[in-house]
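**Q** According to Swiss-Prot, the protein has these features:
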| type | residues | note |
| --- | --- | --- |
| ACT_SITE | Asp463 | active site, proton donor |
| REPEAT | 132-173 | repeat 'PFTB 1' |
| REPEAT | 490-531 | repeat 'PFTB 2' |
| REPEAT | 567-607 | repeat 'PFTB 3' |
| REPEAT | 616-663 | repeat 'PFTB 4' |
Amino acid sequence: MATDSSMPGTVIGKAEFSDTKAASEFGTDLSRWRLNVDNGRHMWEYLESEDEARKRPQSFLEKYWLGLPYELPARPRATCALEAVENGWEFFKRLQTADGHWGCNDDGPLFVTSGMVIARYIVGIPIDSHMKQEMCRYLLNVVNEDGGWGLFIQSPSTVFGTVMNYCMLRILGLGPEHPAMAKARNTLHRLGSARATPTWGKFWLCVLGVYEWEGMVPLPPEPLLVPASLPFNPGKWWVHTRNVYISMSYLYGHRFSMPPNKLVQALRDELYDIPYQQINWPAQRTNVSAADRLTDPTWIQRSFTSALTMYETFKIPFLRRRALNEALFQIETETRNTHYLCIAPVSFASNMLALYHAHGRDSHWIRGMRDRFIDPMWLCREGLAASGTNGTSLWDTALTVQATIDAGLAARPENQAILRKALEFIDNSQIREDPLGVHHVYRQPTRGAWPFSTRDQSYAVSDTTAEAVKVIVLLQRIEGFPSRISDERLQQAIDLILGMENAGGGFSAYEPVRGPKFLELLNITELYENVMTDNLYPECTSSVIMCLTTFAREYPTYRPRDIQACLSRSIDYLLRSQYPNGGWFASWGVCFTYATMFALQGLACMGWNESNCAACQRACSFLLQHQNPDGGWGESLDTVRFKQYLPHPDGSQVTNTAYAVIGLLAARCGNHEAIRRGVAYLVKEQQDTGEWLPGPLEGVFAPPGGMRYPNYKFHFTLMALGRYVAIHGNECLAI
């Protein structure tokens, strides 16, 4: 960051990022890209003509996310927490979109975009040339030094990541002799070639026609016919696993593959270390590279695979037909309920292929999904890639509003127009009805819920609903804000939240846990853990506690006994889920610092803190134990896999420091000096523009996968600084 001497009082900012040499040849003119939004929806558009670009100048928001230079009025560098809050907010408020929300990419997994590109190629829908270029640029910016790709960005190369993205780049037009492709191919062969890809990769290669279905672990659709009360029915599984499995089983049951063409024939030669015709396909079913496999298969998993193979040999034709019809019904209803989005891009891609097989390319199903292809795509500094969902619109907006309330910014007249727009977006995002066929298609009721992303996506999430209700109650009682969301609608949301509680207390994300934990013994993904059923999460539970206590103060006569009973059980869950080290373990953020922040806030809502609660004392000791000499905290994503706190190799990180400070403040930790040092670190890391720079992956999705949540460095940091000022005052910090 630097001050431009030709423009007094102006700071010129630019992301500290540059393309790799391989990626630079694919870049488009980034000054031509514009972001269109509609009720949380994101659609990046390339303006073809100079006249169009001139008539619609690029916004600050667009320049920031693309990594282009931007201009801001210069502000004095902060020397205290309140000044840092004001500088940070002056920057972050400019990232609000025209429809009132804060959005961003939540990319990270390196198989999401490739699945969507493969599906679109098979269906025969061309991709715009500028999008193709930016997709290539992204992959060549995040490629590993050995030329391969991992399960997610910043992870070691795997067969799955490398083969999926190799196929994607070939589809997008890169030739086999391109240096990047030759290097990727060498890594792929060194790791075992495409023969050693996990089941998920084998599926995508099968539908593309570059792998044979006999080499797949069977994915029969018949579990859909099992009584819904039994754990083997997909309705008992985690919602993402369920959605992916249903469409995969449909395509497996039909042995759907793209007819061979020149590219398919070429890939059959390029992906393998032995001739395609000589491969013993049944022997490849359990051939998974050590680089991909999370754990060795158990005897139960091996026996389960053998049983599936035997069943496939002796399957009953009329049951198979019924099961395939049921799978198609489930896919159609999912697509209809989500307005052609599907719960996430991963199942969007496989659902698109199933609907293409059933109804053809000219059907309304494919036309609708073609128009939704752009929704999860985000053009970031590295290029264009699909996010894990169709965005984070509601989640990030609710957290941003909470940050402004905590920092005392919401009550300031100059901020109310911005926050009224945010409130309007939150208002428009509430889901007002249940899904069609709610019970038949295993959906959780959604009437009154708020989604993670957009209303069209239509899935209820416990913590996003809780965070939305909390900020609505807090914001609507500040003078100057309209009561847009009625008491009745808030009560519907509370009813929904109470209905999502698990037996014995605690909250999952999308729906209460439905299946027994032994289902994890049958996990054949090879890539992930704890993905067969939903789980209890301290993060979600704590958000609900904060929501219910906030709501109960404002509406003390609405279901007080039910709310109090839920709060009591939720606290019990938090206490029994605390780790022996004193922290709580997160499944959605990194990791102990993230969950411990939430848990301490939840306990604080019930009046528990370091002075009167042994759990809070242990948690404070845990956080203080891991503070770095510079005052910050830095936790590695590897913590997710190894289940123990691992310091980040690059030292302190802004997000982890913000989490720790928020947790210690919530617990009323008596070590004021440690908190002050953490706050000083956050102030020191702030740039002249008021921003905080991007860091390592902030989020987790399906352990051990990492994801980006780039807005976390803004709203959690603003929360930490604002709460520090509210509790300890605005003292000058020695930076």
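The backbone N, Cα and C atoms fix where each Cβ goes, glycine too.
For the listed features, I'd like the structural context: burial, neighbours, distances.
**A** Asp463 (active site, proton donor) carries a helical DSSP state (H, G or I).
Panel annotation: around the repeat 'PFTB 1' (132-173), residues 19-20, 22-24, 26-28, 107-111, 113-115, 117-118, 121, 180-188, 191-194, 196-198, 200-201, 204-205, 208, 210, 263, 266-267, 270-271, 288-289, 291-292, 379-380, 382-385, 527, 637, 696-697, 704-708 of the same chain, lying at least six beyond its termini, place a Cβ under 8 Å from a Cβ of the stretch.
Secondary structure of the repeat 'PFTB 2' (490-531) per DSSP, as helix, strand and coil residue counts: 16 helix, 2 strand, 24 coil.
Through the fold, the repeat 'PFTB 3' (567-607) approaches residues 501, 504-507, 509, 530, 535-539, 541-546, 548-550, 613, 615-616, 618-623, 626, 633, 635-637, 639-640, 643-645, 655-656, 659-660, 662-664, 666-668, 696-701, 703, 706, 709, 712, 716 of its own chain, all at least 6 residues removed from its boundaries and within a Cβ separation under 8 Å.
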**Q** For the repeat 'PFTB 2' (490-531), give me same-chain residues lying six or more residues beyond its boundaries with a C-beta closer than 8 angstroms to one of its C-beta atoms, as numbers and ranges.
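**A** That would be 151, 160, 198-200, 217, 231, 235-241, 288, 292-295, 297-298, 300-301, 304-305, 430, 444-450, 459-463, 465-466, 468-469, 472-473, 537, 540-541, 543-544, 547-548, 551, 555, 558-559, 562-563, 566, 568-574, 577, 587-588, 702-705.
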**Q** What mean pLDDT does the predicted model reach across the repeat 'PFTB 1' (132-173)?
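**A** That stretch averages a pLDDT of 98.
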**Q** How many other Cβ atoms are found within 10 Å of the Cβ atom of Asp463 (active site, proton donor), counting all protein chains shown?
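**A** If we count other Cβ atoms within 10 Å of Asp463 (active site, proton donor), we arrive at 26.
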